[in-house]
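Asks: In case it's useful when we look at the structure, here is the feature table from Swiss-Prot:
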- 3-50: domain 'TM2' (DOMAIN)
- 85-153: region 'Disordered' (REGION)
- 89-136: region '6 X 8 AA tandem repeat of Q-Q-P-Y-G-A-P-P' (REGION)
- 97-104: repeat '2' (REPEAT)
- 113-120: repeat '4' (REPEAT)
- 121-128: repeat '5' (REPEAT)
- 129-136: repeat '6' (REPEAT)
């Protein structure tokens with residue numbers, strides 16, 4: 001099915017209108033059968049159709065357009081804004097999140113960790129750190145009244 005033309009309808013009316021062919025063309029089968037058996041309602045209906053054809057074609061095309069229109073669905077997505085500084089909602093069952101700037105807490109039952117991670121790295125070529133009380137390599141020997149060292153001298 002497609003839209004119908006007024007010119008084609010007038011041509012069908014002129015040559016075959018007494019048999020109602022123009023009515024069948026415009027999907028009006030009941031009046032087409034009536035015209036077929038009465039010779040266009042005794043020529044009177046055939047003559048009146050000269051004025052009715054433009055309206056019949058317009059009605060047919062309007063029905064055709066309304067049946068073949070595509071429907072467009074518009075979907076709107078609403079997003080909840082997240083403001084800086086406000087806590088975000090955690091999913092169900094997730095542990096609570098620490099506020100920014102607070103030191104992380106240990107999970108329940110976990111061994112304690114260093115508060116700030118690994119010790120800082122020494123620069124390349126620097127001697128390794130010594131335990132407390134031991135003089136660094138190359139330092140002067142202590143002087144003064146210290147107890148004598150153990151063992152032979």
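One is the number of the first residue shown, and numbering goes on along the chain from there.
Every residue gets a Cβ built from N, Cα and C, even glycine.
Show me how these features fit into the structure around them.
Replies: The DSSP breakdown of the domain 'TM2' (3-50), given as helix, strand and coil counts, is 40 helix, 0 strand, 8 coil.
Looking only at the repeat '5' (121-128), the predicted model's pLDDT averages out at 68.
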